[in-house]
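Engineer: Here it is: the structure, laid out below.
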Amino acid sequence: MIRFITIPDFADYQVTLKLMEDYVNKVISDHKPEIIYLVEHSEVYTAGTNYKQEELLNYGDIPVIYTGRGGKFTFHGPGQRVIYPILNLASPNRHKDLKLYIKMLEEWIINSLNYFGIKAYIIKDKVGIWVKVRKDEFAKIAAIGVRVRKWVTYHGVAINISTDLSKFSGIIPCGLENSLVTSLNQLGIHVEMSEFDKIIQTEFNKIFK
C-alpha cells in the first residue's frame, strides 16, 4: 500500500519542490517505493510551462514561482489540500500513459468530492475539476498540473477546502478568463483537512490499485 506523508504546518513551495524532485530521483535511481505527499502551502502563485505573463494580474506581496509542471498560473495557500503523487508509471502495475494517469487523477478527486455530496465534473478543453454553481455556470474546485520524469510522476492536484478565494483575483487561473473558483466551504461543506485526507486515501486505493 502506498504511504501518504502529511507535511506539517504551511509548507514553503520551493522547499517542497526540492523534496519532490529529490524523491523522484530516488525512485528512478534507487527504486524507492511510491509515495504521496499531502501539503498545505503558505501563500504562493505558481506558473506552469504554458503560462503567459499577462495572466499574472496583481500579485501584491505574494511570491511568484515559475515551475516545470504543466498548466498555467494557480494559487496555493492555507485551506487548500495539495496532493503530490510520486508514482512510477513504468512499474508492472501501472501504465506508461500520461493521459490515462490524468484521467485517473480526475476520477479520484471527483469520487472524493462525491463522498461529501459534491457533484463534480470535467469539462472539455478546461483543465481541472468543476462544479455547477448556477444554471449553465461552473466554478473550478480543483486544479491539476503534473510532470513526469522517466515515467515517474510529480506535482499533482490542488483542492480548495477553505481557501481564501479572493487570492485568485491576482491571476487568470489556469489561463481561463472570467472563470469562477469555488471551495468546499463556499459550497456549504465544512470539513476538517484530516477528515478530507482520510477520504482521499480511501478513494485513491479504489482507483490506483
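Cβ atoms here come from the backbone N, Cα and C positions, even for glycine.
I grabbed these lines from Swiss-Prot:
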DOMAIN    30-209  domain 'BPL/LPL catalytic'
BINDING   Arg69, Gly70, Gly71, Lys72, Phe73, Thr74, Phe75, His76, Ala143, Ile144, Gly145, Gly156, Val157, Ala158  substrate binding site
SITE      Lys140  site 'Lowers pKa of active site Cys'
ACT_SITE  Cys174  active site, acyl-thioester intermediate
Engineer: Check the binding-site residues Ala143, Val157 for other C-beta atoms within 10 angstroms of each C-beta and report the one with the most.
Structural biologist: Ala143
Engineer: Assuming the binding residues for substrate are exactly those in the record, Arg69, Gly70, Gly71, Lys72, Phe73, Thr74, Phe75, His76, Ala143, Ile144, Gly145, Gly156, Val157, Ala158, what is the maximum CA-CA distance in angstrom, rounded?
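Structural biologist: Across Arg69, Gly70, Gly71, Lys72, Phe73, Thr74, Phe75, His76, Ala143, Ile144, Gly145, Gly156, Val157, Ala158, the widest Cα separation comes out at 15 Å.
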Engineer: So, in DSSP terms, is Gly145 (substrate binding site) helix, strand, or coil?
Structural biologist: strand
Engineer: Going along the chain, which residues six or more apart from Gly145 (substrate binding site) have their CB under 8 A from its CB?
Structural biologist: Gly48, Arg69, Gly70, Gly71, Thr74, Val127, His155, Gly156
Engineer: In Å, rounded, how far does the Cα of Lys140 (site 'Lowers pKa of active site Cys') sit from the Cα of Phe75 (substrate binding site)?
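Structural biologist: With distance taken Cα to Cα, Phe75 (substrate binding site) is 12 Å from Lys140 (site 'Lowers pKa of active site Cys').
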